[in-house]
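Here's what TrEMBL has on this protein:
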TRANSMEM  26-49  transmembrane segment
DOMAIN    42-291  domain 'G-protein coupled receptors family 1 profile'
TRANSMEM  61-83  transmembrane segment
TRANSMEM  103-121  transmembrane segment
TRANSMEM  141-163  transmembrane segment
TRANSMEM  201-226  transmembrane segment
TRANSMEM  238-261  transmembrane segment
TRANSMEM  276-293  transmembrane segment
Amino acid sequence: MKPGRNHSSVTEFILLGFSRNPRTNWILFFLFLFLYLFTVLGNGLIVTLIRVDARLHAPMYFFLSILSLLDLSYATTTVPQMLVHLVRKNKTISYVGCVVQMYVFLTLGITETWIFAAMAYDRYVAICYPLHYRVKMSQTLCVLLVDSSALCGLTCALVYTVFAMNLPYCGPNEINHFFCEIPAVLKLACADTSLNDQVDFILGFILLLIPLSLILASYVCIFVAILKIRSTQGRIKAFSTCASHIIVVTMFCIPCMVMYMRPGSEASPEDDKKLALFYNIISAFLNPIIYSLRNKDVKKAFLKLIRMNEDTQ
């Protein structure tokens, strides 16, 4: 291929996945199938509960329903294909399919980081300005925060994807990963990827550190307000409304920072796959558990839904 031409001679990629051992792959198939089905069921249930129960029609639960939809979509972008590849000898994905998967995955992930920031701001207003909560967190503002998060995801994911796929890919075409994630794909490029490393770092700073800084600033103000509460029970109650969010943000954002803010030359394929599993599958699997177990309103809505189903039978 002539140098300087920005096209690829590769028409498809091979996703190597986790193991070449069929027995190991079948074990992983059933494990990930369980995680995926629970992810779909758990996140789908949270969205349903928030929609049907009037007590959950509040800004905090609106953002939680968006987070659950993102988690469900996030896992669906990669897991079904991974399950098929675990039990089939043919582990190929077309060039176009790889680009689409990369773009959708990034869009959902970037949107989720900003939704985390919106959820932190919601908790800040609820605890620091409880009397003005409904006024400050209006429906218009909530929708605006979600729309702006989605717009940021759509735009920045396009930049990531264009910079990655504008490089020439002339072979080999084996991606040492279970889906088309940018760091893994860039290792196959037939060109210098230092510019991509710089773009990834800058975008990682904007899309991870800035939301995390906003989250941190919100929680500093929240903790100051909590310390001013005189009763111990009041402090515990105020902090408990934030604990689930803190856990979820930590599980999702720290692995993403490690993945997207380090030079590609320092990346280990096996470590990358473990990190990707954590923020792609494990996080989406645990989020419904974390929020439902720690939230009395969600548990009450679930019990109410069960009683409604029993009454209709």
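Note: Cβ is positioned from N, Cα and C throughout, glycine not excepted.
Unlike curated entries, TrEMBL annotations are predicted automatically.
Same-chain residues lying 6+ beyond the ends of the transmembrane segment (201-226) with a Cβ under 8 Å from its Cβ atoms: 110, 113-114, 116-117, 120-121, 123-124, 127-128, 152, 156, 159-160, 235, 238-239, 242, 246, 249, 253, 256-257, 260-261. Counting Cβ pairs under 8 Å that are 6 or more residues apart, the transmembrane segment (103-121) and the transmembrane segment (26-49) reach fewer than 3 and are not in contact.
Cβ atoms under 8 Å from those of the transmembrane segment (276-293) belong to residues 32, 35-36, 38-39, 42-43, 45-46, 64, 67-68, 71-72, 74-75, 78-79, 105, 109, 177-179, 181, 244, 247-248, 251-252, 255-256, 259, 299, 302 of the same chain, restricted to positions at least 6 beyond its ends.
Below 8 angstroms of C-beta separation, residues 18-19, 56, 64-65, 68-69, 71-72, 75-76, 79-80, 82-83, 86-87, 281-282, 284-285, 287-289, 291-292, 298, 301-302, 305 of the same chain, each at least six residues beyond the ends of the transmembrane segment (26-49), sit close to that stretch. For the domain 'G-protein coupled receptors family 1 profile' (42-291), the model's pLDDT averages out at 86.
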